[in-house]
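Novice: Please read through the structure below; I'll follow up with questions.
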Amino acid sequence: MITQHQIRRRMAATTPLLLSLLILAFVVAAVTLGDRATARMASETLIRVTLVVGFWIFAGNSGVISFGHAAFACVGAYVSAWTTLNPMMKGTLLPGLPAALAELHWPVLPAAITGGLVAAALALVSGAAILRLSGIAASIASFAFLAMINTIWANWTPVTGGTSSVVGLARYITPWVALGWAVSAIVIASVYAASASGLALRATREDEVAAAASGIDQYRHRLLAYTVSAFFCGVGGALMGHFIGVINPDGFYLDLTFLMLAMLVVGGIGSLSGAVVGVLAVSLAVEALVRLEKGITLGATTFALPPGSQEILIAIAMILVLVFRPTGLMAGREIMLPARWVVGRGTSQDRPETDRR
Amino acid sequence: MSIQLLFDALALGGIYAIAALGIALIFGVMKLVNFAHGQFIACAVFALIIPSTDAVAVMGLGRLPALILIPAVLAVGALLALAAEALVFRPLRNASPVALMVGSFALGVALQNLLLVLYGGRPKAVSLWADLGAPIALGPAQVPLLQLIVIVAVGAILLALALMLKHTRIGLEMRAAAEDFGMARLLGVRANRVISGAFALSGALAAVVALVLVAQTGVADVRMGGQIMLVAFIATVVGGMGSLAGAVAAGLALGAASALLQAGLPPEARPFRDAFLYALVIFVLLFRPQGLFASAGAKPRV
Amino acid sequence: MAKIGVFDLSVRYGKLTALSDLSFTMPEGERLFISGPNGAGKSSLLGAISGAVRAAHGRIEMDGEILSGLGPEQIARRGLSMVPEGRRIFASLSVRENLMVGTGLRRDESAVADDLEAVFTAFPILRERANAPAGALSGGQQQMLAISRALMTNPKVMMVDEPSLGLAPKVVDEVYDRLCELQKLRGLTLVIVEQSSARAARVGGRMLLMRGGRIVADGDAAEFAAGDLLTEAYFGDPA
């Protein structure tokens, strides 16, 4: 005999599988049907899945909006640059780098993982301060943290190159590499969400007082989620760097923060599926708008949006979502298999195909 | 040296205090942390020049004599804030503070990019009241005239605002609404009037900051409101969210801390001044998460 | 014409039904007690009438005018005032400022001054502490302030939610004495949520007994205290 609880658990376990299949289908479609530009768009989108799913691990489970996650991407990208760049190049570009770092010439995978780990360590330290604050004040402090990292990176020229870009990162990101990281992020995110800590954190999101009364240590769970979350944002940052080949502190500042936030809001912050769907929806919209900004020719006339209208339209879309569908496209639901599929034939009654997280 | 430092601290702190008030006023009445405030400042700056993407700025409003120019720019700020309230925040009136905050962030991005479309991305040189930069001798110190004007103006604005909040009907209603909006409405206080009032005031305060920034730096830049908005946010957190007096006190304190850091840090560390400031604040909040100027159970008080 | 009329009123919070198809009317000048166990919907009823809580359906009228759909400030401006549960005084504002918040809807400035004087005469302690922050008053004094603050809007109908909550019995007596005096003096229509039917019987008036979002009994408060309608309401099967 299978209990309702077991059915629900099995159904929940299908979510990461289905989401992974969804982005796999996205990659396959982009690679087989599109040109090189489409394949690049697919890689970029999946890097964003890694970033936004990482972001969701904290923001989605805790209900606290962080403005600081772009800083973790920044750190991840620079750590990967410091460890993988040709030592000769580092000597000229980043003369202030400590000797131990300057000599390194690592392969890309350990560099990306290290980027994530350094970001996570930074999250552990900064989160210990920021997460003691209440929700809104924590959001503001995370914004201060972002500005602090940006100020340091833009001015610490001998080590970071300052506002001039660091160039020459190995461009190894294919859609498949990005897919691998996106799938890992999705799996870890759903493992965390189903863990005792994830459950406890979502309880604090629903009702802070009741959760505290039942003995939940909100701060500890927030800090854990923040740290795990920062790991994937760090990795996502490293992937971004190696995707373009050039990094700059302003590439990891307000524009990226806005994009990540817009994706989460549009998809719906209440569920992991919302985060993934939001990335896909906003990325496709961005791609369409970018092409419009370049101009499309209709007969004799070329029609082009002025540069900057992309952000304006996405911002307006975001406000419209907040007003008319505040729970986002997915409305807090997860994509999962229906109950009769996970239980087997003839043993179950019909259950809804989506479930609230 | 020390008098110079005092004036630096007062002028900078005064501007921070005005910006923090603009944030705290709106937070008080509708629990909105307005991430578009920096763009209100930037829009008020660009209102001075004629829209064009050329590298050279052509003054529009900015050519008018100060007696007309100042009220006009304040009105631009107030109207912009009122429009933002009507178009974005009124439909979100019943949304959570988090949704409001995210909505204001989106509004800020939209405004910033609107400025980019209209004016182009490059900073433009703007000369507003250039002769105010001339230093005056005050005892042993040389203090720019502009700094004196800023200090006096900030003092006058703070005084006027305190009087308004204490002695006018709308001031009373704002204070009541900041404490318990629902109760105020049950007593016949009109929500729209109070919220619009707070937005208009906040927008006008953003315009004050804009004028000072332009006069000080001589530049119009799409991003120029960002740093000061962040300091203002921090001031409202340090001051105890929603407390107007706390926001002013924290703004002044941050200005003083900034001036001290600027003077005390070795030259090679000065570019990192703001990073030190933010780190200092996060450190302070570790020990007083409820803010420096609010006791744990304290309510907003003017 | 009834002063207040409530017809088929329902209130829901998400899936939870707080009031279902509730109806009653009351004439001008009446004193109406609303009683019932926790969760019966008493506060929701007051909230819906005052406009603080949105009704799912139904109609609320005052003097024949439909109030449903109006905001709380518009309803207050039509002469209905509310003393909510927990008093909700503005702790950081002075006592005098608390009293003045609700006078913004009035155009008769000299009458406002007269009313303020009347409040200070009725409650000398409020005059004494006029410039002190209201948060510094005792619980009983805060209750007096909350009632006076509602009076300053010059209401025709006043609703008081649990005036006895958290107060010593002797203070409760005084609060009720003052409420009755004021009602007589001004011809107020008074709605009071009161848990204790014994208290309601002693003060006197009509009483509605609520349970599970419905009215289960309606009659003279004195009869409730004597009969077993109460036991029925608390422990019986909801209709």
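For all residues, glycine too, the Cβ spot is worked out from N, Cα and C.
All TrEMBL annotations are machine predictions without curation.
As annotated by TrEMBL, transmembrane segment applies to B:6-28, B:40-61, B:67-88, B:100-121, B:141-165, B:194-216, B:228-254, B:275-296.
Please go over these features one by one and say how buried each is and what sits next to it.
Specialist: Tertiary neighbourhood of the transmembrane segment (B:67-88): same-chain residues 36, 40, 43-44, 47-48, 61, 103-104, 107, 195-196, 199-208, 210-211, selected by CB-CB distance under 8 Å and a gap of 6+ residues from either end.
Panel annotation: around the transmembrane segment (B:141-165), residues 1, 3-4, 7-8, 10-11, 14-15, 17-18, 21, 129, 131-135, 171-172, 174-175, 201, 205, 208, 212, 215-216, 244, 248, 302 of the same chain, lying at least six beyond its termini, place a Cβ under 8 Å from a Cβ of the stretch.
A Cβ distance under 8 Å defines the sequence-distant neighbours of the transmembrane segment (B:275-296), meaning residues of its chain 6+ beyond its ends; these are 230-231, 234, 237-241, 243, 245-246, 249-250, 253-254, 257-258, 261, 265, 269.
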Novice: Six or more residues out from either end of the transmembrane segment (B:194-216), which same-chain residues have a Cβ under 8 Å from its Cβ atoms?
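Specialist: Non-local partners: 15, 18-19, 21-23, 25-26, 28-30, 34, 37, 40-42, 44-45, 48, 70, 73-82, 84-85, 89-90, 126, 128-129, 132, 146, 150, 153, 157, 161, 170, 173-174, 177, 184, 224-225, 228.
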Novice: Where else in the chain does the transmembrane segment (B:228-254) make close Cβ contacts, counting only residues six or more beyond its ends and a cut-off under 8 Å?
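Specialist: Same-chain contacts beyond the flanks: 10, 13-25, 27-28, 31, 33, 35, 37-38, 41, 158, 165, 178, 209, 213, 274, 277-278, 281, 284-285, 290-294, 298, 300-302.
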Novice: The transmembrane segment (B:100-121): which same-chain residues, six or more beyond its ends, come within Cβ distance under 8 Å?
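Specialist: Distant Cβ neighbours of the transmembrane segment (B:100-121) are 30-40, 42-43, 46, 49, 51-55, 84, 88-89, 92, 220, 222-223.
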